[in-house]
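As annotated by TrEMBL, transmembrane segment applies to 100-127, 133-150, 185-210, 216-237, 267-285, 297-316, 342-362, 419-439, 476-508. The domain 'STAS' annotation in TrEMBL covers 532-723.
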Amino acid sequence: MEHVQEHEECLVQTQMYWVERPVYNEEFLQGQLHKKEKTPQPLSQKIAHSCRCSSKKAKSHLYSFLPILKWLPRYPVKAYLLGDIVSGISTGVMQLPQGLAYALLAAVPPVFGLYSSFYPVFLYTFFGTSRHISIGTFAVISLMIGGVAVREAPDEMFNIMESNSTNSTDLLENYKARDAMRVKVAVAVTLLSGIIQLSLGLLRFGFVAIYLTEPLVRGFTTAAAVHVFTSQLKYLLGIKTKRYSGALSVLYSLIAVLSNITKTNIATLVVGLTCIVLLLSGKEINDRFKKKLPVPIPMEIIVVIIATGVSAGMNLSNTYEVDIVGEIPKGLLAPKVPNIKLIPAVFVDALAIAIVGFSMAVSMAKIFALKHGYTIDGNQELIALGICNSAGSFFQTFSITCSMSRSLVQESTGGKTQIAGTLSSIMVLLVIVAIGYLFEPLPQTVLAAIVMVNLKGMFKQFGDITHFWRTSKIELAIWLVAFVASVFLGLDYGLLTAVAFAMITVIYRTQSPQYRILGQIPNTDIYCDVEEYEEVKEYPGIKIFQANASLYFANSELYASALKKKTGVDPCAVLAAKKKAQKRHSKELKQTNEHRKKAVLKLTNDMETSVKHEIINDELPLNGKSADANAQGTSPDELEHFMEPMTNVHCIILDLTPVNFVDSVGAKMLKSVIKEYEEVGVFVCIASCSGPVMDDLTRLNFFEKSTTRDLLFHSVHDAVLSCQLKVGSVPQTASDLFVSTSESHMEN
């Protein structure tokens, strides 16, 4: 009994709170609150303030531009050094074969892959903010570079025809000239992409990566894996075919390989397949026993060393005509200014490479930063990549970014800082200046095998189709468009198509939001969708309408249409029906009057039957009913149909909680809606406007003449209480809300 009594007292107190609670509309808040005075700062003062320099500000900018100055003096040698050394060696032994292999994708001689694995990696140590990613060559970027190089320096330009014979001295000279030209193109693209990244970073445009959403990136990289795999088939089979770029290049490459399949070099194929089996076995062992192994087995470098030894010992190049890496110059090349004349022809490609490269790097950097509890600066990452690419281009490197596989190895083997990356670059440097010539007998099919096996993770992304099918059809559409467009249109135009489609989906979502009618959860001021929850109740005569999108030119008409449909009240239809009913009613009255005039005339002509006629005319039927009944008590079907909702709805509350902004079209639509419903006797008010939306409405002169701030309420519940006060239903409604709960507790 005590529990029941306490519960009843609590209900009474809560009920009194909701009944006596003041209604907070915008006018009330404007009277109680006072805005802080903000003195606008002139532009000259802003410029002077930004240009003002102090020792503290200069130090902050220096540390931001060179993050190594911040973390290197605090480097805990005993705790971090051993892990960085092990990680650096493990990453370096992967960096070497991948640098050689990805150079084939970039359509340049393998040694340039080694250059790209040294200079940028070393530079990133000074400018990068991520401690764990491994910068260097990456399959997707290398393939994009190769596509540009092949387009700008095709085989036909150097009189190189599809042939399996390379004995001609002139043909070898043509190959050298072609490779030299492709290096110039790759270097020019790298310089321009670096300048773009550096400019975006200095202008604080690090947010551009958000437009490359995860489904888009995953679909794009999966398509890139298809391109890479197709491009490596000719090296795996030992077939000489033309390399294609641009739209439908995948189909052309497959057709070229299949048409020359009879010319397959069996020795090349055997070596390649053997390497693929060994590499896949090594990856499986590393994945299965990664907790027991102190460091992953460096199967790639093992395969490279074994294959190089076998090739040199058996003289595969001369005996079986197996294509090998060939000459690897000893030492570093002197700095050289890239060919500036090529920049206009490769601008679009450089822009795509710059954005994709940054997106890859920053996404992996964020994953590791979140895992290890530190932050990265997206703008500084752009600057770091821009410096790595633009400065590296003077030393004949091609564009780089973060490598997923090497980054995972660098982090899993104990790497704590970019000291690990520096050590891996030093290992590559030792190969370049000392022992690079030892890898000259390495078969190209081994490099193709390394590339193909490293695509395993990307091909697993086909599983995204089933995942997105279950979670989001729109994201599935983005994935499929990115994949299909990139496969058939090429990576550059495929990326642009995918980004454009992703933007269209955003517009589609704002144009097709979810519209809801809200009701109250009993005993709370929480309002939810009445169609979703059984416990939610609507207030009699009050409709609460919500749309989860902003109000602007693209969806204003849809918003107004959905409002009429959801509330069941269409002011235009009501007014039209009323006019039509009035017109028909007046017509019927006119017909009745004319009929009575005829009856009077007939009455004067036949005085003898006057009483009888009078009775007959008073009861004369009209459309199956008496004229008086039609004139006074009946209404047309249209009037009854359209006027029926008006007896039920007297207030409509527009919940603008999800609205982020309102433009001029949206504001005009709101004013029009308020005016239309006012004409048919329905009061419309607005609830839960955010500060930016209020600023938009004020700036657009929304509050003028008939539309005042009285229509705005701080919350939906305040608007509901105000609407109830208009019809005097607060006490009754409040008690009704608590009766059911009280009864249920009494039963328990």
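Using the three backbone atoms N, Cα and C, a Cβ is placed for every residue, glycine included.
Highest Cβ pair count under 8 Å relative to the transmembrane segment (133-150), across stretches 100-127, 185-210, 216-237, 267-285, 297-316: 100-127. Taking every listed stretch (100-127, 185-210, 216-237, 267-285, 297-316) in turn, the largest tally of C-beta pairs under 8 A with the transmembrane segment (476-508) is reached by 216-237.
For the transmembrane segment (267-285), the partner stretch with the most Cβ pairs below 8 Å, chosen from 100-127, 185-210, 216-237, 342-362, is 216-237. The average pLDDT for the domain 'STAS' (532-723) in the predicted structure is 74.
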